[in-house]
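Visitor: A single structure is presented below for examination.
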Amino acid sequence: MDHVPALVLAGCCFLALLPGWACGLGSMSSIAVSYGEDGPVFCGLNSDGSHLVACFGADASVLYGAPPNIPFLGLTAGDGFVCGLLLDTRQPYCWGSNSYVKSGVPQPMVEGARYSELSAGDNHLCALRAAQDGGRGSSAATSLIDCWGYNMTATHAVDEAVSTVSAGSVFNCGLFARNRTVFCWGDETVSGVVGLAPRDLHFQSIGAGGYHVCGVLENAQVFCWGRSLEMQQVVPSSAIGDGDVNIVPMDAMSTVVGGRFHACGIRSLDHQVACWGFTLHNSTSPPKGLKMYALVAGDYFTCGVPAETSLMPRCWGNSGPLALPMAVPPGICVPTACSHGYYEYVNHGEVGSIKVCKPANSRLCLPCSTGCPEGLYESSPCNATADRVCQFDCLKCVTDECLSFCLSQKRTKSRKLMAFQMRIFVAEIVFAVVLVLSVSVTTCLYVRHKLRHCQCSNRELRLAKSTAYSFRKDNMKIQPDMEDLKIRRAQEFSYEELEQATGGFSEDSQVGKGSFSCVFKGILRDGTVVAVKRAIKASDVKKSSKEFHNELDLLSRLNHAHLLNLLGYCEDGSERLLVYEFMAHGSLYQHLHGKDPNLKKRLNWARRVTIAVQAARGIEYLHGYACPPVIHRDIKSSNILIDEDHNARVADFGLSILGPADSGTPLSELPAGTLGYLDPEYYRLHYLTTKSDVYSFGVVLLEILSGRKAIDMQFEEGNIVEWAVPLIKAGDIFAILDPVLSPPSDLEALKKIASVACKCVRMRGKDRPSMDKVTTALEHALALLMGSPCIEQPILPTEVVLGSSRMHKVSQMSSNHSCSENELADGEDQGIGYRAPSWITFPSVTSSQRRKSSASEADIVGRRATDGRNVGSSIGDGLRSLEEEIAPASPQENLYLQHNF
């Protein structure tokens, strides 16, 4: 452990008890920004008080590395990485691509150590230990600070109590708790921050930048020191604007943050932003007239949380994200009451007051504003629940704004008076109406009483009875038919709500684009991350509306673990939008054929086959369990999405249609689909059956095995079917395997999958297997790939079974077709198994052994090659023998009815 004198050490960021919420290059707050060559990323805690983190930006390592279910107290960030202080253990946890700050809990880590603050520089992280017993934490006389990263990995001891720390690029500075003086340590070769630190000034807070430090003094003035003029050594002078970071504004500030060569602060008077220092010529200016709650600085850009109910951050500068479709809290929740000079923040939204801190004993404290601008007076002082309120002094108006406000106040008073008079007038009218009605009712009752004594003729009585009967009959007709009312699962959103969630459908939030629609990432007001599919406005509005309602109707009916879940929709004029669950890992196409080669390598054989099994289960549900069956018509790798747990979901039902109750009966439909995946029989003869989806899925299986696109003209044989099928039939399985991955030690599983793919892409639809048999064969192959015989393979530990208490016993029935002796032996070994219905489970690798056998499609069960060709190799024999291993996958009909009705 290093023992550092009081003037040579570091620290972090100021918490809720310090003035304002600000975050320099890497100080801790509820928001943080990473930067670097892979692009900027904005991360923030959710505004719902869950303490979960959400990120938005360009760096994939930070976006996909963010833990979705781990709560954090606060965040900090540096060059290509983000760190957070874990809410439960109070230890740091990092993610990203920085080579000096590794992902996970930094090591070495003192056992049992707990920390109160974090601070990140360009390539290092420092943490201030919390005061605790046992000698592992800070005390009233000594503070311990642990650092990790480039030239920083060490534990430092300070002879006094340290209240806050803040990290720059290659140095750190902190404040002593006793006298609020500053001390610094680290590499000052470029900045000179350590030697220039003012030892006789007292600060409320500090914010370290790249090569300088700025702080808010006790009189709310800003003081900066350092050598940011040396930036010309890093950035070409032709790209730099004018300004010196040491020339600070004279306004009183509540918070200050530091970027690479600039600084920004929030003015105490009006909570607006002021920035100074060097900027790049193409930088955007800070927002004018917009109040801010909190700030965070990257290298050449700054972001802030505006004082609006939406709490959607804004950024300015260079290279940073401009619009962020996410809501974040303006600070960190603390378990103590707000001290003097602070008030508890509550978000007053459209639906009422929303407390951003969930625990009842925690709160978010913001600093009170000081004073009022010229021409205004303080009508309400700052208290524990609200900031001070300033109003115009109508007796001393000198500006047009003041005159307009005072005139509106007079009009408001006049309207209130008129409203009061109107209420009196309405009350008088109501009294008169009630009086007239009372007299009328009294008169009617009197006349009716007199008429009772009159004798009516028989004709009049019959007429009265006939009228009464007709009235009762008409009443019966107008009763609503309650059976016609339908309950939809999909929620209806307003266009404004979805536009706000996606940042105005900006290009930054666009995650995909097709021929007929664009997909945007958005965050709803409750913090839910969604994908919004927006239809491209077409000239044929009627056709576009038909496809929209078709997909909406289908997804509202369907419910399966491996079909994309529809959350809601919006139909506003010509705008048609569908809201889905957001799939964090994109599509299978992006992994197999995207520009990032690392995505393809991460998709190992086990994960690829698992995705194939899960997609097959989804299509099997459409064909076998939906009533009536659904034909997708656009099965392809770009329509198989992957969620954050790497589970597959079948998506895009815009071209889907309802099939006949008998899945073998063809429909006469014009061809629709994607080139390379389209069934040749459907294309030529216009015969559409569920086997058309089987052909498309066979192409996807070939993509998974080979890593090649369905149609890739850079190869001599551009069509994947024409290239792969002859090689598979010849037994040359190595020739089609993706060269990016090493082949498994046992190729039997991949041989089975290749054989299934060949059968799926047969020219005649009746020669192809059904999806239940394809699913069974793929599950056999997955069991082999995982290292156990498919008959004895248990359910994988990672398999998630929903409603497992509803598992059913299914007896194995022998096939009506002739089988070999080995097949008979296999049938005896299987015995009785258990399987949850497919519409409530994720796929099981052993479910194929537990399905009821079927003899409806003899081409797969027990079928032998009849063309007389003999490959002569053991590989060819192994591929042909797979035909005997594919069995039907559908459960019994009574099980389906039992679980659905």
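Here the Cβ of each residue, glycine as well, is placed from N, Cα and C on the backbone.
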Visitor: Have a look at ASN179, ASN816 and find the one that Swiss-Prot tags as N-linked glycosylation site.
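Guide: Cross-referencing ASN179, ASN816 with Swiss-Prot, N-linked glycosylation site lands on ASN179.
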Visitor: With reference to Swiss-Prot, which of the candidate residues CYS357, CYS382, CYS390 participates in the disulphide bond with CYS368?
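Guide: If we follow Swiss-Prot, the cysteine bonded to CYS368 turns out to be CYS382.
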Visitor: Pick from CYS357, CYS390, CYS394: the cysteine that Swiss-Prot pairs with CYS372 in a disulfide bond.
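Guide: Between CYS372 and one of CYS357, CYS390, CYS394, Swiss-Prot records a disulfide, namely with CYS390.
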Visitor: If you look at what Swiss-Prot says, which of CYS315, CYS357, CYS365 makes a disulfide link with CYS338?
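Guide: It is CYS365, per the disulfide annotation in Swiss-Prot.
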Visitor: Give the residue counts of the repeat 'TNFR-Cys' (357-391) per reduced DSSP state, in the order helix, strand, coil.
Guide: 0 helix, 12 strand, 23 coil
Visitor: What is the interatomic distance between the Cα atoms of ASN151 (N-linked glycosylation site) and ASN179 (N-linked glycosylation site), given in whole Å?
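Guide: Rounded to the nearest whole number, the Cα-Cα distance is 30 Å.
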Visitor: Hey, what's the Cβ neighbour count for ASN151 (N-linked glycosylation site) at 10 Å?
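Guide: Result for ASN151 (N-linked glycosylation site): 12 neighbouring Cβ atoms inside 10 Å.
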Visitor: Determine, to the nearest whole angstrom, how far the Cα atom of ASN282 (N-linked glycosylation site) is from the Cα atom of ASN383 (N-linked glycosylation site).
Guide: 42
Visitor: Near ASN282 (N-linked glycosylation site), how many other Cβ atoms are within 10 Å of its Cβ?
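Guide: There are 10 of them.
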Visitor: What are the non-local neighbours of ASN383 (N-linked glycosylation site), defined as same-chain residues 6+ apart in sequence with CB under 8 A from its CB?
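Guide: Residues satisfying the criterion: TYR343.
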